[in-house]
Each structure stands twice: as C-alpha cells, then as structure tokens.
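Colleague: Before I ask anything, let me first share the structure, which is written out below as structure tokens.
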Amino acid sequence: MAKEVFQRTKPHMNVGTIGHVDHGKTTLTAAISIYCSKVNKDAKALKYEDIDNAPEEKARGITINARHIEYETAGMHYAHVDCPGHADYIKNMITGAAQMDAAVLLVAADSGAEPQTKEHLLLAQRMGINKIIVFLNKLDLADPELVELVEVEVLELVEKYGFPGDTPIVKGSAFGAMSNPDDPEATKCIKELLETMDNYFDLPQRDIDKPFLLAVEDVFSISGRGTVATGRIERGVIKVGQEVEIVGIRETRKTTVTGVEMFQKILEQGQAGDNVGLLLRGVDKKDIERGQVIAAIGTITPHKKFKASIYCLTKEEGGRHKPFFSGYRPQFFFRTTDVTGMVSLEGKEMVMPGDNVDIVVELISSIAMDKNVEFAVREGGRTVASGRILEILE
C-alpha cells in the first residue's frame, strides 16, 4: 500500500506527559487519542495497550521508552510523547524530554506530588521546556478537601522549578475519560485540557535556518529498503537526496538520505521540531546507534573533553548528600546518549550539593558536541547535577 503524504496544514508541536509512576500518564495519553479520534474521523485511536507496547511494560504496567502518538485539535497538530515515570527508566525520560516543546505534568489528586514529580519538573526545566500544564488526575478517588491542598502544593512546586505561578490546572479522571469516550461529562476534562494546550502553550521558534541536525533515538532495519534512524530534528531542514554525516561514538561517516517519514507518512522535507524517520543509503543497522547524530556535512564534530558550568542538586532536590572531588565519574546525558566521564576541578577542592561551579570533563568516548548544549549528570539512578558546555577543549 502506498504511503500517504503528510499535509502540513497546522502548526506542529511536540508535547509530552510527565510525572510520577502510576499517576496516569499513559492512561491520559490513551484518553486523548481516543477523544481526538471521535472528534476527528481521520484520526486513529490508540488504546492503553497500544501505547504501552513492550511485553515487559505490559507485565509491569509501566512505560519504559518514550512513545509517540499524533493527534490534531482545532488549531494544532501535536506529536505526543508518553514519558516513563519509573526511576530506572528516567534516562529514557531525558531523551523524551529532549524532544518536547511543552509538557503536561500529571499529579494524582489522591496522593499529591511525589519524588519523581520533582525530578521530572527539574529535567523538563533543564531541557528548555518553559511552559507546562498540570493535569490533576484520579479526581474520582480523592477527598475533595485534599484536592485543594494538592493544588496549592503542586503550584508551589511548579514555581520552585521556574515555571509560571499562573500555570493552569485541569482536573479530571483520565481513566474515566478513556473508559467512557461517549460520555461528554467523562471526557470534559480532555476537551478542557486540549483547549488549554492550544491557548496556553507558545509555538516554539524553530531553528529552520541553521544547519541540519538530528539526534538518533532509535534504529530499525526495514527489509528491502534499508536502515531507518528516528529522532527529532533539532535544527535545519532535510530533503531526500541530501548528503549527511553520522557523527559521534564511532568514526564519522557520510551517507545520503533516501527517504523522510513522519508517523508512517511521507514528508517532502523534514524540518526542525519534526519527529522523523530517515532512510539512509548503504548504512547497515549495526553501523549506527542511538546517541549518534545525523548532521549536515562539516557542521558538527566529535569531542571528548570540555569545560562546563554545572548546578549540583541539593539533597532535598534528590541530589547527592555529600560533596564530590576531582576524579568523580558519573554519567553525562547529552541529547539521546549517556557517556561516563571524569570530572576535574580547577582551583577548588570539592563541590557541595547546591553549588554552581565550572568543571572540566573528559568522556570515555567522543560524542557530537557543540557549545551551549545542555546536559544532565546522573549517578546511581538519580539526577545529581545539570550543566551546559562553555567550551570544547579537545
């Protein structure tokens, strides 16, 4: 069957659901998908099972990798990332967050904010998301007096992490909306959420004029066609027939893009902000991996050593309880990759939780790197610092 061509009739935005495990992120994503398929006859409804689609996730009932679905409202075309909330899988949340322009933070009304609520807010802020909407879920299970307290608590938390104090809160039951798609009362919260998204989120400024760059999130082999790399276009534009370079982790190599697709539809060209699959000529599945970047030729180079400014989280923010010294070896998360690196402190003996400090880092493998790129620092399954590259040393 021939694939249809993607029609760019509405502005495109990447939005995601974030929040603590079991607060209802995937249920909300499914409820939105089902609601939009009722309103817009062309849309395909995805049930909870379709979004949580790895066997291990079904068994544990949690989302591991970020999942993508698409839907349209009156004014926008959304690509929606369902981000994992489970602690071990927060690294996938980082790559999910790196693809989002705005986020919906889920908080269960019956339990309030939890540790991962804070970690996700911090990561969202570090990944450059500047507006969120709070969805207060499981309203049917919560004591009405408690709900007011949870609202106040969540807004305080949202402000603490640098988001606006007038961040909108939508209340409802995602499970109710998902289970009763034909009941207007049950789906009212979804309608309200989508209207709030259309009106409150700012359309991001896309870097279309800069040289093309996409961070590889996943790689597939399609029989008879070749290798497809997927990810979000960070900047620039890509067309079929364009020559590109695959940079980072391994030797840099050149290839030609022979196809561009988004949500199984053919794109005339992919542009900044699009989540796409690129078909690459003469590249074997084993020759390319998550964490590399595909870029316009000669526009980005791989490096190991850089100087950065970092902020170390306090114990209360879920960071380290003790200082670290030169020789500290945590994981550094850039775009879609994590690499171990060694920290050197200059003119300072140690770094305390809560400090803002400049450090020098040497990674164990080269990755595609440019100035001002932000990263997260993690150890033992938690985020301990966030930073930005000041200069590349070698």
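Just so it is clear, glycine is given a Cβ too, placed from its N, Cα and C backbone atoms.
Residues or ranges marked as GTP binding site in Swiss-Prot: 19-26, 82-86, 137-140. Feature annotation from Swiss-Prot assigns Mg(2+) binding site to T26. The annotation domain 'tr-type G' is assigned in Swiss-Prot to 10-205. Taken from Swiss-Prot, the feature region 'G2' applies to 61-65. The feature region 'G3' is assigned by Swiss-Prot to 82-85. Residues or ranges marked as region 'G4' in Swiss-Prot: 137-140.
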Colleague: Determine how many residues of the region 'G4' (137-140) DSSP places in helix, in strand and in coil.
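Modeller: Helix/strand/coil tally for the region 'G4' (137-140): 2 helix, 1 strand, 1 coil.
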Colleague: Compute the C-alpha separation of G19 (GTP binding site) from the residue listed as 'Mg(2+) binding site', stating it in Å without decimals.
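Modeller: Here the two Cα atoms lie 10 Å apart.
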Colleague: Would you count the other C-beta atoms found within 10 angstroms of the C-beta of L139 (GTP binding site) for me?
Modeller: 18
Colleague: Rounded to an integer, what is the Cα-Cα distance in Å between L139 (GTP binding site) and the residue listed as 'Mg(2+) binding site'?
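Modeller: Distance between the two Cα atoms comes out at 16 Å.
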Colleague: In DSSP terms, helix, strand or coil for G19 (GTP binding site)?
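Modeller: Reduced to three states, the DSSP call for G19 (GTP binding site) is strand.
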Colleague: Would you report the average pLDDT that the model assigns to the region 'G3' (82-85)?
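Modeller: That stretch averages a pLDDT of 56.
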